[in-house]
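Written out below as C-alpha cells is the structure these notes cover.
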Amino acid sequence: MIISAASDYRAAAQRILPPFLFHYMDGGAYSEYTLRRNVEDLSEVALRQRILKNMSDLSLETTLFNEKLSMPVALAPVGLCGMYARRGEVQAAKAADAHGIPFTLSTVSVCPIEEVAPAIKRPMWFQLYVLRDRGFMRNALERAKAAGCSTLVFTVDMPTPGARYRDAHSGMSGPNAAMRRYLQAVTHPQWAWDVGLNGRPHDLGNISAYLGKPTGLEDYIGWLGNNFDPSISWKDLEWIRDFWDGPMVIKGILDPEDARDAVRFGADGIVVSNHGGRQLDGVLSSARALPAIADAVKGDIAILADSGIRNGLDVVRMIALGADTVLLGRAFLYALATAGQAGVANLLNLIEKEMKVAMTLTGAKSISEITQDSLVQGLGKELPTALAPMAKGNAA
C-alpha cells in the first residue's frame, strides 16, 4: 500500500485493528457533528498564494516554553496508545524525540511514566485529568517531576465522559463487550500477535496500582468514570499551580472568556480544543473558535490548538488563525497503529514537507511570518462563516 498522507494511514489502521479499537480512536460524541466540522472547517480556510519571494532560507523551527522545536507540532496526549502498537507510547515518544518535537504522555496510557521517560532524550510532557482522587493526582505529579517531565498539560474539558455511540456498537462498551472484543481480536491476527500477545501488560500503567488487581478494561473504565470530578473550579487548580513549578497548559478552551481566565490564573499556555469532537457534540470546531480566542489573549499566553489537523497544510492554517503550536492526535495514532515508530516518523516527515510547500507558496519564511495576513481576506465563502469577521485587509 502506498502511504502519502494521514488518510492512507487511517485506511491501513482500519484493516489492522479490531473494530472496537479503530472506532474508539476514530469516533466522536453523539452524532459526531463536531468531529466532522473539525476537519471540514479547517479545510475551508483559504490561504493567500504569494510568489517570487526567494524562499531558499525557509525555517520551521520555533521555541515554546524555552524548548526548541524543529516545527510547531507536538504529539497530543492520547489514551491507550499501547493498545494500538506494541508498547505504543514508547514507540510514539521515540519518533517524536527523533524529530525534535515534544511527546505528551496521557494519564490513561498503557505504558507508565517510568517506562516512557527513560526511552527518550528529550523531556516529555505529561497530561493530567481532573479527578476526585486528589491523592492520585498528587502522586502522578510527583512521578512526572521525578521522571523529568517538562510541561504539564491539564485537561479540563472532561468533568464527565462524553456520550460516544460508536463505542456501544463497536464493543468498547455495551452488552457482551468483553466477548465481542475477544472475537474481534482473534479475527485480526496481525494486531493479535503484535499487540494482543506481545504487547502485554495491557494495564493502564499510571493507574493500575490504584485498582489493586483489575480484571479487564471495564475495571479501568469504571474507576475513571467514578473519578472524573464535575465540581472542579479554577480555585481547585490553585494547589496544582503551586505544586507544579514547570510550564502548565490548560487543555480544553473554546471560549475567549475562559482563555482570559487562564491568563488571570497564571497558566503558561492553553490548548484550543474540543477533545477531538469526543465530548460535547455541537460545539464550535477548533478552527472556528481559535480566531476569537487569539484576538483575546494572543501575546499574553501561549496558544496551542488541536482537533481536525491531518496534514502540514492544516498546521499552517491553524497558525494563521492564531495558534503558536499544534497538537497531533488521531493523525499520529493512525500511523502508529499501521507501522509503529516508523509510521509516526514517516508521518512527521510528511507533515514537515507539507508545511514547507505551504509556507513556500504563501511567502512565509518562518513560523512568525504565518499570520492573519496569510489568509485570503474578506471572502466569506473561502473562510468558515465564523472566521470571516476576523479577516482584515484586501482580497488576494
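Heads up, the Cβ atoms here are built off N, Cα and C, so glycines get one too.
Of the residues Arg264, Arg278, Arg288, Swiss-Prot places Arg278 in the same substrate site as Tyr24, Tyr129, Arg164. Taken as a whole, the domain 'FMN hydroxy acid dehydrogenase' (1-380) shows an average pLDDT of 95 in this prediction.
Take the Cα of Ser106 (FMN binding site) and measure to each of the recorded positions Tyr24, Tyr129, Arg164, His275, Arg278: the nearest one is Tyr129. Arg164 (substrate binding site) and Gly322 (FMN binding site) are 30 Å apart (CA-CA, integer value).
Closest by Cα distance to Arg164 (substrate binding site), from the recorded positions His275, Asp306, Asp314, is His275.
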